[in-house]
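Trainee: Pasting the relevant annotations from Swiss-Prot:
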- 30-47: compositional bias 'Pro residues' (COMPBIAS)
- Cys296-Cys304: disulfide bond (DISULFID)
- Cys303-Cys372: disulfide bond (DISULFID)
- Cys332-Cys404: disulfide bond (DISULFID)
- Cys336-Cys406: disulfide bond (DISULFID)
- Asn93: N-linked glycosylation site (CARBOHYD)
- 26-62: region 'Disordered' (REGION)
- 1-28: signal peptide (SIGNAL)
Amino acid sequence: MDGLPGRALGAACLLLLAAGWLGPEAWGSPTPPPTPAAPPPPPPPGSPGGSQDTCTSCGGFRRPEELGRVDGDFLEAVKRHILSRLQMRGRPNITHAVPKAAMVTALRKLHAGKVREDGRVEIPHLDGHASPGADGQERVSEIISFAETDGLASSRVRLYFFISNEGNQNLFVVQASLWLYLKLLPYVLEKGSRRKVRVKVYFQEQGHGDRWNMVEKRVDLKRSGWHTFPLTEAIQALFERGERRLNLDVQCDSCQELAVVPVFVDPGEESHRPFVVVQARLGDSRHRIRKRGLECDGRTNLCCRQQFFIDFRLIGWNDWIIAPTGYYGNYCEGSCPAYLAGVPGSASSFHTAVVNQYRMRGLNPGTVNSCCIPTKLSTMSMLYFDDEYNIVKRDVPNMIVEECGCA
């Protein structure tokens, strides 16, 4: 994982970053990196939070005035951290936006989202805070992909979707569905009767590019509306083949006779563009920490959690991150007296690994003092565009610092 430039971290803290446990927003430090908005004042010289000697194992950490453009460096480190957690090499190149009508329709169907007066999408639980109930549960990634069309394939309509597997080669598809809008045109029916049609969705069989399987559904229609068709098997086969393009052929029996129109890719019907939703399970380790840490309130110099918020609009990322609007990049700061050392939990084990590395290098571990570092990290839900203009809803683990401790 990327962190601050090498000049800003000592060997011990670099080891913690390499372990994938400490994020750039969560550095243990005697002096915290300043924040973009309302940064806390630097600790006075000689205070527990202001001395470099307080945390010898992070001895490479420099005071803000020694780093020059620390604000820019810090924001770049946060950007790299977010991209790393999303398993992306760089931010997506958004050259043309998905039609907002199509996006909003999909989000409303799946997340009960709404559009604010300023045009931004607001979705419950995607506010930059930790995801409720996410820790200790299975991680599930959700991908929304909108249809494109190759035109007609005999009597069927060919749709295709580019579906990203989120950088994970071993995703297990929990559920996947095609959402298709069926529109009713004026038609004379007997009172109380409905229009009954049969929709067939064809997808390529695994291992046989020239053979197609079919999902069939009989639909009784009283009004225009959305209908779903299961595609779990098709998407799982796609991932197992290592492919990204999903080809679907759609056929509707009796639609023409009964004045039923499946809406495909029509510039005049963007809010009804077909889309595929994939829910896939992510295997990720879970951390359970027992001890609750202090909040920085300006009245203590002991190890505590400092909160701050980064608005994605201010760093130019609001074009590809739909929700949340920003990131709570909390970090740890403060002194670690001897009586606070050895907080139980993952932090202790990582600190032990660092000390062992010092021993291997012939250094005296007795000179390595405790560092104020994260002891609990939580999950954050994000909704964003990937390079293929899929809308991805993902619960990203270890994103937000919840508690700090000494180790």
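For all residues, glycine too, the Cβ spot is worked out from N, Cα and C.
A description of the local structural setting of each listed feature is requested, covering burial, neighbours and distances.
Mentor: Cys304 (disulfide bond) carries a strand DSSP state (E or B).
In this structure, Cys372 (disulfide bond) is part of a beta strand by DSSP.
Secondary structure at Cys336 (disulfide bond), taken from DSSP and collapsed to helix, strand or coil, is coil.
The Cβ of Asn93 (N-linked glycosylation site) lies under 8 Å from the Cβ of Asp387, each on the same chain and at least six residues away in sequence.
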Trainee: Note down the number of other Cβ atoms within 10 Å of the Cβ of Cys304 (disulfide bond), including every protein chain shown.
Mentor: 22
Trainee: Find the one among the disulfide-bonded residues Cys296, Cys303, Cys304, Cys332, Cys372 whose C-alpha lies closest to that of Cys406 (disulfide bond).
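Mentor: Closest by Cα distance to Cys406 (disulfide bond) among the disulfide-bonded residues Cys296, Cys303, Cys304, Cys332, Cys372: Cys372.
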Trainee: Which number gives the other C-beta atoms within 10 angstroms of the C-beta of Cys404 (disulfide bond), all protein chains shown included?
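Mentor: Around Cys404 (disulfide bond), other Cβ atoms within 10 Å: 31.
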Trainee: List nothing but the one residue from Cys296, Cys303, Cys332, Cys406 whose Cβ has the fewest other Cβ atoms within 10 Å; the candidates are the disulfide-bonded residues.
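Mentor: Across Cys296, Cys303, Cys332, Cys406, these disulfide-bonded residues, the one with fewest Cβ atoms within 10 Å is Cys296.
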Trainee: Is it possible to get the count of other C-beta atoms within 10 angstroms of the C-beta of Cys372 (disulfide bond)?
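Mentor: Other Cβ atoms within 10 Å of Cys372 (disulfide bond): 34.
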Trainee: By CA distance, which of the disulfide-bonded residues (Cys296, Cys336, Cys372) lies nearest to Cys404 (disulfide bond)?
Mentor: Cys372
